[in-house]
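Take a look at the structure below.
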């Protein structure tokens with residue numbers, strides 16, 4: 001699902017969110033229905049893993065991207081509410097799967113789940129594309145007119161400055177190279193790797209995902225390891241999901257406030273570090289009540305991170321470049337997401353204790369949160385410095401323009417005063433001649 005991120009971004013940039021989600025829903029339904037007729041584990045890998053996984057990628061990213069197109073002022077709240085759908089299904093999916101398996105078997109369960117996933121096509125049909133307003137058309141026309149004027153001015157400057165014309169062959173070569181780069185960047189903007197904020201976000205998230213999902217995988221086995229029964233251990237995940245469900249929209253409301261939104265990157269860094277602190281303290285929970293408290297705080301921290309995961313990226317790169325940014329981020333994150341749980345399992349097998357896995361995850365996430373906090377502080381300082389430099393340049397340009405306008409006005413006045421003074425000079429010369437004659 002994550003490794004297909006760039007493909008999903010390219011399709012969204014080319015065709016829009018609505019057809020991509022509908023196509024993704026069809027792939028999900030086809031993959032799950034086909035799994036009902038599989039006779040080997042390899043066929044299940046292809047149907048469930050590859051086809052359904054690719055279909056989910058075509059559902060996830062357009063759903064996140066469309067939020068940035070619909071909302072601006074209340075975007076963090078919208079992201080938090082949209083992300084709350086995941087823990088809702090996490091609470092209901094486990095008992096639903098058990099009910100379907102007990103009554104219809106695994107083949108019948110796949111058929112029913114495939115029919116449920118076909119409802120993604122209905123959701124995609126509701127993704128109304130936003131039409132260009134008349135005001136935007138007018139602004140585009142004005143900008144095109146300004147660009148045309150700039151091109152004329154630059155052409156005149158070239159003709160005045162250089163007596164010889166530039167050969168057309170070099171121009172066509174440069175234009176061909178630019179066209180090729182523009183075609184590549186039209187669907188996937190690789191220039192984001194030169195964006196300072198994007199690189200900070202990418203490095204911090206890649207590090208964070210080494211310890212983000214492993215505690216969820218090993219929470220129930222850890223509870224069983226310390227002597228808790230299977231039902232109570234499974235209920236810990238339900239507690240986590242319920243708290244997560246409440247935390248995501250609540251985090252969106254807090255992130256949308258006037259105190260937090262201008263510096264939302266700091267809030268995101270704190271959420272990651274808070275998540276890591278919960279994992280570091282988890283080994284202290286030696287009984288069931290301790291694990292319940294850990295699950296509550298873990299669900300709160302997990303929901304905070306998930307609610308702001310895409311909002312912070314959109315805040316850094318903007319809505320226009322967000323589609324490409326999501327695709328490039330997910331392809332980088334998928335490696336560490338895959339490595340996190342196996343590394344945790346290796347630590348458990350090596351030391352025979354779960355606490356080392358939680359300590360590893362907590363330390364990695366605290367490190368990621370600290371890195372993001374420091375680098376975002378640096379990024380904000382650099383942005384403020386660049387803004388001051390830009391304003392200083394604008395002020396210098398304005399002063400140069402006023403000086404040039406003053407000189408031009410002075411030249412015009414002298415030119416206008418010239419013909420009026422010429423008769424006086426002629427009369428003076430006549431007087432001189434008459435004086436010399438006398």
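Glycine is treated like the rest: Cβ placed from N, Cα and C.
TrEMBL lists 389-415 (among others) with the feature compositional bias 'Basic and acidic residues'.
Look at TrEMBL and you will find 419-428 tagged as compositional bias 'Acidic residues'.
TrEMBL lists 429-438 (among others) with the feature compositional bias 'Basic and acidic residues'.
Among the features that TrEMBL reports, domain 'Major facilitator superfamily (MFS) profile' is placed at 1-380.
Annotation source TrEMBL lists region 'Disordered' at 389-438.
According to TrEMBL, the transmembrane segment annotation covers 20-42 (among others).
Summarising the annotation, TrEMBL assigns transmembrane segment to 48-68 (among others). With a cut-off of 8 Å between Cβ atoms, the residues of this chain six or more beyond the transmembrane segment (48-68) that come close are 1-2, 4-5, 7-9, 11-12, 17-18, 20-21, 23-32, 34-35, 75, 78-79, 82, 117, 120, 123-124, 127, 310, 314, 319, 322-323, 326-327, 330.
Positions annotated as transmembrane segment by TrEMBL: 106-127 (among others). Here the transmembrane segment (106-127) has long-range neighbours at 17-22, 24-26, 28-33, 35-37, 52, 55, 59, 62-63, 66, 97, 100, meaning same-chain residues at least 6 beyond its ends whose C-beta is under 8 angstroms from one of its own.
Under the heading transmembrane segment, TrEMBL lists 198-219 (among others).
Under 8 Å from some Cβ of the transmembrane segment (231-247) lie the Cβ atoms of residues 84, 87-88, 90-91, 94, 216, 219-221, 223-224, 288, 291-292, 295-296, 298-300, 302-304, 306-307, all in the same chain and six or more residues away from its ends. According to TrEMBL, the transmembrane segment annotation covers 231-247 (among others).
Taking Cβ pairs closer than 8 Å, the transmembrane segment (267-286) reaches residues 204, 208, 211-212, 215, 226, 251, 254-255, 260, 293-294, 297-298, 301-302, 304-305, 308, 312, 354-355, 358-359, 361-370, 372-373, 376 in its own chain, all 6 or more past its ends. The feature transmembrane segment is assigned by TrEMBL to 267-286 (among others).
The transmembrane segment annotation in TrEMBL covers 292-310 (among others).
The transmembrane segment annotation in TrEMBL covers 322-344 (among others).
Feature annotation from TrEMBL assigns transmembrane segment to 356-378 (among others).
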Segment-segment contact (the transmembrane segment (322-344); the transmembrane segment (20-42)) at 3 or more Cβ pairs under 8 Å: no
PLDDT averaged over every residue in the domain 'Major facilitator superfamily (MFS) profile' (1-380): 83
